[in-house]
Amino acid sequence: MAEVLVHVDHLDGAVRKPTLELLTLARRLGDPVAVFLGAGADAAAGVLAEHGAVRILTADAPEFADYAIVPKVDALQAAHDAVRPAAVLLPSSAEGKEIAARLAVRLDSGIITDAVDLSTDDQGPVATQSVFAAAYTTTSRVTQGTPIITVKPNSATPEAAPAAGTAEPLTVTFGDAATGTKVTSRTARESTGRPELTEAAIVVSGGRGVGGAENFAVIEALADSLGAAVGASRAAVDAGWYPHSHQVGQTGKSVSPQLYVAAGISGAIQHRAGMQTSKTIVAVNKDAEAPIFELVDYGVVGDLFEVLPKLTEEIKARKG
Amino acid sequence: MSLRIVVCVKYVPDATGDRHFAEDWTLDRDDVDGLLSELDEYAVEQALQIAESAREAGEEAEITVLTVGPEDAADALRKALSMGADKAVHVEDDDLHGTDALGTSLVLAKAIEHIGYDLVVCGMASTDGAMGVLPAMLAERLSVPQATLLSELTVAGGTVTGRRDGDAATERLSAQLPAVVSVTDQSGEARYPSFKGIMAAKKKPVEALDLEDLDLDAERVGLAGSRTEVISATERPARTAGEIVTDEGEGAGQLAGFLAGQKFI
Ligand SMILES: Cc1cc2nc3c(=O)[nH]c(=O)nc-3n(C[C@H](O)[C@H](O)[C@H](O)COP(=O)(O)OP(=O)(O)OC[C@H]3O[C@@H](n4cnc5c(N)ncnc54)[C@H](O)[C@@H]3O)c2cc1C
Ligand SMILES: Cc1cc2nc3c(=O)[nH]c(=O)nc-3n(C[C@H](O)[C@H](O)[C@H](O)COP(=O)(O)OP(=O)(O)OC[C@H]3O[C@@H](n4cnc5c(N)ncnc54)[C@H](O)[C@@H]3O)c2cc1C
């Protein structure tokens, strides 16, 4: 069977959930071959194999951390040349998309970004995208070269499918461009202890209606009762009430959870662009005319400071 | 010393209008008004600031705005010129209809080389295709470093430095010019064109180029040269109107009932 390259997104060997989703989707197209770059391959190999990696190509070098993007492109190109895969899949993170972009130019291959589903027909992989703020669903394919596809988080449920993959070294020669952009410092984001925004099954977001930084405690309390991640609208972020890394929307994170709760958010097109593919949408807003209500599965017209605390109590009581 | 800056700006359909596909699954441009992609206004703004500080340091600086797009895309160039850019280049050719990202990057790279550059500034993503891949593709094609998704940047002494807020970490990047950068909407509000700026823009030069001028083969662009193909496009069925209740003390309980019914609690 044809092999499919999967670029592994990880933090020092801790494999992120979107990669497990990619391995699951890759199996529809062929045998997944994981490409693991950086430190921690031994820690990661088990979970990659468990999710279907038939081979795990690994490379570690200081270049991966010290310089941006290009060293990883060099490595993926080496993996591509060694494997001649039927497709290359990457997570739709900012970095994943940029690696994909440069690889596409090098291979003169078509690229599809932000796929939300993958299938295959007699002509190869078919990617589903959700475009124009989710107003349209399109399917497309790559017609020339090796299909390079980035896939959004939460596009599949990771399934175990034990395979024989063990770590094997990949030989990478870095080109002149690899050291072009130096990473002079890196500050890891502090963990909040809550699920990662793009990976969470439930997201509770607050907007301008929350009215202040301290009031976000109401949003966080509801999120914690549901085991959810916390999101924010750009208005809330611009006001300095919540960090930008939590912004949901066109210029923030794009989320696609099972449940999205929007509290005090009007539902501007740029916000919708980042959450409209959520499976179930709930809103609490005191304005019955707020556009967010056009999208909801369930809406409460009311004051979030009345509704959310009571809801949080109710959920805690029901969960016992 | 002179600093030559090229800003790539895209002409896009207004996101607040109804965006549709034509029969060939390309964007139906007749149906909706177009404008300068809002996220590219941030790119123009940063270019203006970089040019201003270069001039303050006694250097010459010139900003060229570049678009690849249909006739109406000239509107996007005018907007950028009225903000303060010096001149514009418009690549327009019937054969460009339906060009994919790979093809667009080829045309942009050729045009950038034609113009001459030390720094290329892009937006973080277009507001229509929203792929966020063009800046990286340009860096690859031009064989220069990329410093992308910057929320803050400085150009001095032939080096660009900036801050990139990534998914897991905030990084500081540094690269030698010539380079390609892209800037986010966190980089600083874009200025409004002044009346003077709007009047001045009318007199600024706009160079029109077609594929032949760029020595590009029509086979490599447009729907024909595209390495991707749209198979289908279906309008998402409007979400069936959900249940909406007004809180009169019972709202939280009703919502909890809904969430329990959906097995979220
Ligand atoms: C280029 C560009 C990119 C953008 N990117 C993004 C993006 O990524 N994400 C994003 O979110 N926005 C983005 N925006 C901004 C977007 O257009 C809106 O301005 C923003 O989403 C509004 O945020 P909001 O809904 O919180 O605020 P508002 O629109 O002010 O809405 C506040 C809502 O809260 C309600 N409310 C007030 N008090 C209460 C209360 N006590 N209880 C219940 N409800 C209450 C109000 O009725 C109102 O509906 C972008 C804009 C531009 C131009
Ligand atoms: C809904 C939709 C989905 C698409 N999906 C795909 C796909 O999966 N694969 C594919 O190959 N093509 C796709 N395309 C086509 C692709 O959008 C265009 O080729 C486009 O010009 C490049 O991608 P982008 O608009 O997403 O730009 P981005 O990569 O998001 O743009 C980033 C920056 O590049 C610059 N830039 C981009 N385009 C231009 C331009 N024409 N002129 C000047 N500067 C520019 C701007 O500075 C912009 O801010 C799609 C188009 C649409 C409308």
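Positions of Cβ are set from backbone N, Cα and C atoms, glycine also.
Annotated features, as they stand in TrEMBL:
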DOMAIN    A:4-183  domain 'Electron transfer flavoprotein alpha/beta-subunit N-terminal'
BINDING   A:ARG208, A:233-234, A:247-251, A:264-271, A:ASN285  FAD binding site
A correct count of other C-beta atoms within 10 Å of the C-beta of A:ARG208 (FAD binding site) gives 16
Using a 10 angstroms cut-off on Cβ to Cβ distances, just flag whichever of A:GLN247, A:GLN250, A:ILE265, A:ALA268, A:HIS271 is the loneliest among these binding-site residues.
-> A:ALA268
Averaged over the domain 'Electron transfer flavoprotein alpha/beta-subunit N-terminal' (A:4-183), what pLDDT does the prediction give?
-> 97
Mind sorting out which of the binding-site residues A:ARG208, A:GLN247, A:GLN250, A:ILE265, A:ALA268 are close to chain B, meaning Cβ under 8 Å from one of its Cβ atoms?
-> A:GLN250
For A:GLN247 (FAD binding site), which DSSP three-state class applies?
-> strand
Per DSSP, A:ILE265 (FAD binding site) is which: helix, strand or coil?
-> coil
